[in-house]
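Next up is a structure, given as structure tokens.
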């Protein structure tokens, strides 16, 4: 078994691989108090519920965009699973070339997404949209080079901003609206959140494609916690909610 873990702004998201397939996954809120012990006990409980033997774990691979949680997760894996994780940091082999001004600023999550995308669609131009706390857009050229991207507020972040900065607008269930024309305040917020996000993404992707991929249109991949909401739009070529974890598994294979 290979355990792949991503420390995100909202959740610690993990998957247990057997071969190249995720057999089990877990989420732990990264906004709650997280010590090595609380996380370690959570992991042991998860493996016990799934009837998995921690002795069968061959490796743990870790990516993070939340610096202050890295120590706790790392320590939990060492103390409770008996394994020192491979952390996706500079110096780890990825097979990904970077054509950006500050390579060290690129988030580990975006590196892992890009690696997985290249594995799925070698020799193709690719754009990956990750619907997380922030929505990130990554452009990868056909020669396995990350050439840049865009970042915008995620759907939940946009909703929280509305509820916190306005007097009469509250949080709503994030779901695909039945119509762009809302008949209630709730449905109007949902329309604005979903179609506003989709419209922004389409415009950014269109401009990136015109500027960089005019001769070979890119494959469009959606991933992240809110990717499934856009399924019925049939805009993306493929939706893979756990793309990042697959990228971590591939990176482990390159470095073992």
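Quick reminder: no glycine exception, Cβ is built from N, Cα and C everywhere.
According to Swiss-Prot, the protein carries these features:
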type	residues	note
ACT_SITE	109	active site, proton acceptor
BINDING	6, 7, 8, 9, 10, 11, 12, 13, 133	ATP binding site
BINDING	107, 108, 109, 110, 185	substrate binding site
BINDING	130	K(+) binding site
Given the recorded positions 107, 109, 110, 130, 185, which one's Cα is the least distant from that of residue 12 (ATP binding site)?
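Going through 107, 109, 110, 130, 185 one by one, the Cα closest to that of residue 12 (ATP binding site) is 109.
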Among the recorded positions 109, 110, 130, 185, whose Cα is within 10 A of the Cα of residue 8 (ATP binding site)?
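If one measures from the Cα of residue 8 (ATP binding site), the recorded positions that come within 10 Å are 109.
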For residue 6 (ATP binding site), which of the listed binding-site residues (107, 110, 130, 185) have their CA atom within 10 A of its CA?
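Those near residue 6 (ATP binding site) - Cα within 10 Å - do not exist; the answer is none.
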Using Cα coordinates, what distance in whole Å links residue 10 (ATP binding site) and residue 109 (active site, proton acceptor)?
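That comes out at 13 Å between the alpha carbons.
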Using a 10 angstroms cut-off on Cβ to Cβ distances, just flag whichever of 10, 133, 185 is the loneliest among these binding-site residues.
185
Any idea which of the binding-site residues 8, 107 has the thinnest Cβ neighbourhood at 10 Å?
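It is 107 that, of the binding-site residues 8, 107, has the fewest other Cβ atoms within 10 Å.
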Excluding near sequence neighbours, so keeping only residues 6 or more apart in the same chain, what lies with its CB under 8 A of the residue listed as 'active site, proton acceptor'?
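Residues satisfying the criterion: 6, 8, 63, 65, 130, 132, 136, 244.
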Which chain neighbours of the ATP site, leaving out 6, 7, 8, 9, 10, 11, 12, 13, 133, have a Cβ atom within 8 Å of the mean position of the site's Cβ atoms?
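The answer, listed by sequence position, is 30, 65, 66, 132.
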